[in-house]
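*Asks:* Pulled from Swiss-Prot, these are the listed features:
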{"type": "ACT_SITE", "residues": "116", "note": "active site"}
{"type": "ACT_SITE", "residues": "239", "note": "active site"}
{"type": "ACT_SITE", "residues": "269", "note": "active site"}
{"type": "REGION", "residues": "240-244", "note": "region 'ACP-binding'"}
């Protein structure tokens, strides 16, 4: 396998100010705080008002540029993972290029749709492209306006999701210890379990069964590819779907739950934004370089795991 030595130069995140609590849901649905919390671990979620996935992606990208005073003129690749763009074309990535004032540059910009696995997919694509030598700096974003595609009368799905965006700037590293490893995949025979038509639909029990099976498997597979053990990993950043799922994965792997970073109590499931958002949130408070596993799953089904130094 070709080595992919990359470094995360900077990260950024954005969530709308407007917060919807479980008690707020109890006023519009047959539910309550205890019911939601015990089943999901979610207490609050941020809901965009007058903003789209494009706006949130831009704000997260700008934070990533500003956090390290990064020279945005170096960026020559932009990849956005999202399932909630308000427009079919141009891509969110293309619009971020414009908002960053990079219109004069020869930049490759495109979106991908891999649902909640999207950011991990996008990082592997970016790593491969910059490692080819044809690109020098990749801006990778996960941005989701999930509230725009929810059925607000369906308590099984409406309570789960929030809006947010997370971004990372990636460059090639000259340190061989910065090799990145990936184990991504998909299957097409379960497309009727989690889908959007035109609102989010989900067979919750089947999604849970898939998630608790594929996430430990993905972690083990990516560790195997890297020639590492779980003891070589400082922490795991899982997709923030549901506390019970993460708890089950930790139990399956015989790991303390503290090894898994979480913020779903505050933000809920933000799909492709959840992993980069949590990555930036953690790095803000812990700037020292750590070796992490990113792991997620999503509609399709899709799944992805990555080992990175961040």
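Using the three backbone atoms N, Cα and C, a Cβ is placed for every residue, glycine included.
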*Asks:* Mind checking how the region 'ACP-binding' (240-244) divides into helix, strand and coil residues in DSSP?
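*Replies:* Summed over the region 'ACP-binding' (240-244), the classes give 2 helix, 0 strand, 3 coil.
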*Asks:* Restricting to the same chain and to residues at least six past its boundaries, which positions have a Cβ under 8 Å from a Cβ of the region 'ACP-binding' (240-244)?
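*Replies:* Residues 39-42, 116, 160, 208, 211, 262-265, 267-270, 274-275, 278, 297 contact the region 'ACP-binding' (240-244) from elsewhere in the chain.
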*Asks:* Using a 10 Å cut-off, grab the number of neighbouring Cβ atoms around the Cβ of residue 116 (active site), all chains included.
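*Replies:* Here the count is 31.
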*Asks:* Once near-sequence residues are set aside, which residues in the chain of residue 269 (active site), 6 or more away, have Cβ atoms under 8 Å from its Cβ?
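*Replies:* Expected: 42, 116, 146, 160, 161, 162, 239, 240, 241, 242.
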*Asks:* For residue 239 (active site), what is the tally of other C-beta atoms lying within 10 angstroms of its C-beta?
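*Replies:* The answer is 30.
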*Asks:* Translate the DSSP assignment of residue 269 (active site) into the three-state scheme.
*Replies:* strand
*Asks:* Taking DSSP three-state, what's residue 239 (active site) in: helix, strand or coil?
*Replies:* coil
*Asks:* Could you tell me the mean pLDDT the prediction assigns to the region 'ACP-binding' (240-244)?
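*Replies:* Averaged over the region 'ACP-binding' (240-244), the predicted model reaches a pLDDT of 97.
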